[in-house]
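Q: To start, I am sharing the structure in question, which I have written as structure tokens.
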Ligand code: IMP
């Protein structure tokens, strides 16, 4: 069976993909291949960062690989925090990052935002890009305690609750990550 690396250390994410591609690909994560490096994510786009990660594995381990990069884009903030989502305030503390977004949006009427995921799949020397987007608005206050990151202030279009108030199973059906992954799965299942 063809080997495919998912450039992540998250065991739960790996298991999900492994199940979905069972019988078709042998899915390995960074730990499985002994990649202990913290792969640099120094690009200024999601696509650039995802590609840095997938290419690193191809170049150092000679295995096909996919990697994802995600973040929040707020329209009135020139699409910030974008690739800096994880440490927008200078810290990795989600609450501090949320507070900075809310502060910057104070007095601004346009609260449109979107979460975006870009996946880079390096297969047989080619880079295939898959993108997932979910549109919504930034609330004025935090609501909910589920999820992570900016979930307490992101209300997806068509819902009157935030991602942090939504059951994980439901969020995982409609999220940016789910959309991008679904596109890659469709591609991979039709392949090989
Ligand atoms: P990553 O590329 O998936 O690690 O995402 C980078 C950062 O974007 C995270 O640390 C979060 O701050 C933010 N982010 C990405 N996806 C989500 C999400 O589904 N909910 C809330 N925040 C997210």
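Using N, Cα and C of the backbone, Cβ positions are placed for all residues, glycine too.
In TrEMBL, annotation is done automatically, which means it is predicted and not curated.
Features from TrEMBL:
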ACT_SITE  69  active site, proton acceptor
BINDING   8, 9, 10, 11, 12, 13, 70, 148, 149, 150, 151, 171, 176, 177  substrate binding site
BINDING   69  Mg(2+) binding site
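Tell me about the surroundings of these features in the structure.
A: Long-range Cβ proximity for residue 69 (active site, proton acceptor), meaning a same-chain Cβ under 8 A and a gap of 6 or more residues, is found for 41, 46, 47, 49, 50, 53, 83, 117, 118.
Of all the Cβ atoms in the protein chains shown, 7 others lie within 10 Å of the Cβ of residue 12 (substrate binding site).
Secondary structure at residue 69 (active site, proton acceptor), taken from DSSP and collapsed to helix, strand or coil, is strand.
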Q: State the count of C-beta atoms found within 10 angstroms of the C-beta of residue 10 (substrate binding site), not counting that atom itself.
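A: Taking all protein chains shown, residue 10 (substrate binding site) has 12 Cβ neighbours within 10 Å.
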Q: Quick test of your reading of the structure: among the binding-site residues 8, 10, 12, whose CB sits under 6 A from ligand 1?
A: none
Q: Just report the maximum Cα pair distance in Å for the recorded substrate binders 8, 9, 10, 11, 12, 13, 70, 148, 149, 150, 151, 171, 176, 177, no decimals.
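A: Greatest Cα-Cα span of the listed binding residues: 22 Å.
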Q: Going by DSSP, is residue 176 (substrate binding site) sitting in a helix, a strand, or coil?
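A: Going by the DSSP assignment, residue 176 (substrate binding site) falls within a helical segment, counted as helix.
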Q: So how many other Cβ atoms are close to residue 70 (substrate binding site), meaning within 10 Å of its Cβ?
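A: I get 21 for this one.
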